[in-house]
Amino acid sequence: MRWDEGREDAGGSTQAQDPEQSHRGTGGRAAGRAVPWVMRQERKGIRPHIVVLAAWTLLWFLLVQRHGGISWHYLRTGGQLLFGAVPGGGLAIYANHPELQIGPVSFLAAALFAPLPPHTAEVLAEAVMSALGLYMLVLVGRTAADHNRGTGLNHRRLQQRVLVAGVAFIPMWVEVAVRFAHLDDVLALFFTTLAVRALVRGQGRTVGIMLALAVDSKPWALAFAALLLALPATQRRNSALWTVGLVAVAWLPFYVTHLNSAAAARFTIANQPASALRWLGVLAPATPWWDRPAQVLLGLGLGALAVLRGRWPAVVLLGADARIALDPSVYTYYSASILLGTLLWDAVGQRRLVPWWSWIALLSLYGSTLLVPSDRACGLIRLAFAAGSAGYVLLGPVPRRRRTESKAPSPASPQV
């Protein structure tokens, strides 16, 4: 069923209807001639909400790109080190350069741009990462349609929900993809989105592979592994083995050949005055030794609780909440993971037309950075958002999914 082929009536059932006929019912011939532009575009196979989001992405890319690429040099240098172009690299890269908190898959991806002139490579990488964000919106829309297949879902309302949430998502995505050019974070979130897509489609092995690639791109993505618990019991073990195996293949060579590679896990950064961590009573000037393990464990624990409560679409948001609540730094690109989490919750876990949590996240996290002068107040806002959103998705109301057809997912998704 295409997104525009049904409507949800008061009883929750889906009824097919001709969009043009619905306009002719009350307005006669004049209304028939006034078929909306949106419907004409959909007949051509064009999804207008994606066109709008593409234009929105391009606008933000052009606004930010001139001052972008802040951290791209880490990817470029790391790639040179990993492939031995610079002394002290190879399998010793993490032992000698613990500041490179980047997974090997990200270095491999960055190497694809290495043959190009440095500036060209950077701009092209930023453009590709921006396009991935747009594609993730498409994937989330299709995931929501598949997840709610047979429940009387109004597909046009879902398009609108993805559009409104996407308008909030794109500015923060461009922050991580263009302004900071954090390919590692981009890949971790992209692979996590693919894992969610595979989960809804019942592809357990793919879920395990995508989660492993996310962790191999950026280690903090381990908090999203709670998605494995949402798989059917018959698929869970095999999927987990794929995750563990591929993570081991990517990381063990560095640790086995250079035992002091563990120094990368102990690398510290400054505990910023605006961090939520300070509101939790942690006043140390740098990262406490327990902080990173606590982020992962808290994210996994909250994610597991969400799955047990039948709210698995909240797993990504909860993992991101754990990160911003306990991380000593306050970089704006951290919020991209939050916005992906709210996008998944608003599109897949909720049925409201207005994606409130996506906009609450954007205004509270990004808005406070721009408008609130007090570091301490910003830290309180970050903590309040993390606690409030976690509490809501775990304890708040969720819509009942009343199925009107078979639960078996269709291999074909609605076109987005």
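Yeah, the Cβs are placed from backbone N, Cα and C, and that goes for glycine too.
According to TrEMBL, the feature region 'Disordered' maps to 1-32. Here TrEMBL flags 1-10 as compositional bias 'Basic and acidic residues'. What TrEMBL records for 46-64, 123-141, 162-180, 209-233, 239-256, 296-319, 331-349, 356-374, 380-398 is transmembrane segment.
Outside the transmembrane segment (123-141), and at least 6 residues removed from its termini, the chain residues within Cβ reach (under 8 Å) are 3, 50, 53-54, 57, 60-61, 65, 68-69, 72, 75, 110, 113, 116, 158-159, 162, 166, 169-170, 173-174, 176-178, 181, 183, 186, 189-190, 193-194, 196-197, 340, 343-344, 347-348, 416.
For the transmembrane segment (209-233), the most Cβ-contacting stretch among 46-64, 239-256, 296-319, 356-374, 380-398 is 296-319 (pairs under 8 Å).
A contact links the transmembrane segment (380-398) to the transmembrane segment (331-349), because at least 3 Cβ pairs that are 6 or more residues apart lie under 8 A. If you look at the transmembrane segment (331-349) against the transmembrane segment (239-256), you find fewer than three C-beta pairs under 8 angstroms, all six or more positions apart, and that falls short of contact.
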